[in-house]
């Protein structure tokens, strides 16, 4: 009887190692899916009473939709203000680091921007509450006096500065590092070939950026902004501390408005029964909004991968 | 159009490293000049100093002078942006802008520095430049399609069209055929022959047959060893360099004994 020469000669312990490793990796992967699924199930089950309850019993007395839509709008307004401020600033800073700053400055500056992301959100909230809000009061008064005819700047301005506008600015500072560091990574990946092509045609540095860097980076910038949006939508602590809440109003410089995350955080400790289910249903809505935003961002990133910059 | 280049005692540094030492060379207008030599001998580096593209690499600087019809490229107050618009460059790998159409690629350099161009002027310039690059017949029906959809050889001719659209005085080519197949290489070589009736062409090549085929004069660069600066060993008519070189090193290189 001949023996098969191809028969494995490696020790059995090596094979066991392979099995343990692949088992661990599989378990880790499955665990994440199970967690996400469990969160979704938890939210659905706990929120269910809200959807079957008598509309008159819901906060506000007009049903869940009437309760949720003002704070959905509030959430979107806060995130929009944050992105309007953070996107141009973040892209500008990223371009400065990647293409303008001398190497000695660029390294530390990039590091400091990344550190901004490491500051706990409660610190941002405290800063917004104690420093930023009072400092903005004169600006709000000026806006109310001079641009008050525009509904978003309608007075009288808040005397504490704890407004939607302030919350938006705090959120902008919080999403800035996300937009900056992702954009910077993309800018640095611009093929040297395309940059040199532009320069060799007689482009100035700025024209080179407009011609070679920005078109290459556009999908990456979009996904960076989307991820920033995800954070701005879900941010709780900073808004809860900075915003003096109230009903949905168009003016951004008066007290009022509310976001979903802050609404949950502020009311959760005392809530029970149907009120608790309501807050969890609000959480479910937020979960769906951020999920959709993240899926759009992932979709854009995936499309970007197919389009490899090197032709 | 077609200016001469005179280089006097040029040293090129990357930070403190002396990459190319003491080059003096006179390049005639309306001619093709080839730079040959082994890898790392500084011929590409030297080529880039002719339109100040070496400054893109951090620490790149020169000593000495490069005169374009008597005007020093490195004189005080000279803007590298202006230099590069007069001395165009074609690179080793074809690099059309991937997000632009063929037409926009040709016009990319023309629209720089805030210049405006009317639609009819733009159309005729696109046709003229693409005809000048022997590409018009292949792309005239798809001018609005992306330039990255062309073959490698077509992309390289698109890059040449983009360069001549700016109406430079000199065209520098850094191994323009090294990423191309033999047929595309032939197309580019034919094109180089036509370009020299209007432009001064300087080409770096690893391919000695190519230098012999396309150039009027050839410069041989060599390096004494790793870490040593590259030097210009011999510069003469192409026929003389390949049949009757004066230097032993040139003879060894062109006869294939090294490199």
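Cβ atoms are placed via backbone N, Cα and C, with glycine included.
What TrEMBL records for this protein:
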DOMAIN    A:72-297  domain 'ABC transmembrane type-1'
TRANSMEM  A:20-47  transmembrane segment
TRANSMEM  A:67-97  transmembrane segment
TRANSMEM  A:109-129  transmembrane segment
TRANSMEM  A:135-153  transmembrane segment
TRANSMEM  A:165-188  transmembrane segment
TRANSMEM  A:208-229  transmembrane segment
TRANSMEM  A:273-297  transmembrane segment
* May I ask for the residues of the chain that lie six or more residues beyond the transmembrane segment (A:135-153) and have a Cβ under 8 Å from a Cβ within it? => 159-161, 163, 165-166, 169, 250-253
* Of the listed stretches (A:67-97, A:208-229, A:273-297), which one yields the highest count of Cβ-Cβ distances below 8 Å with the transmembrane segment (A:165-188)? -> A:67-97
* In contact by Cβ distance (the transmembrane segment (A:109-129), the transmembrane segment (A:208-229); 3 or more pairs under 8 Å) -> no
* **Any contact, the transmembrane segment (A:20-47) to the transmembrane segment (A:109-129), with at least 3 Cβ pairs under 8 A** => no
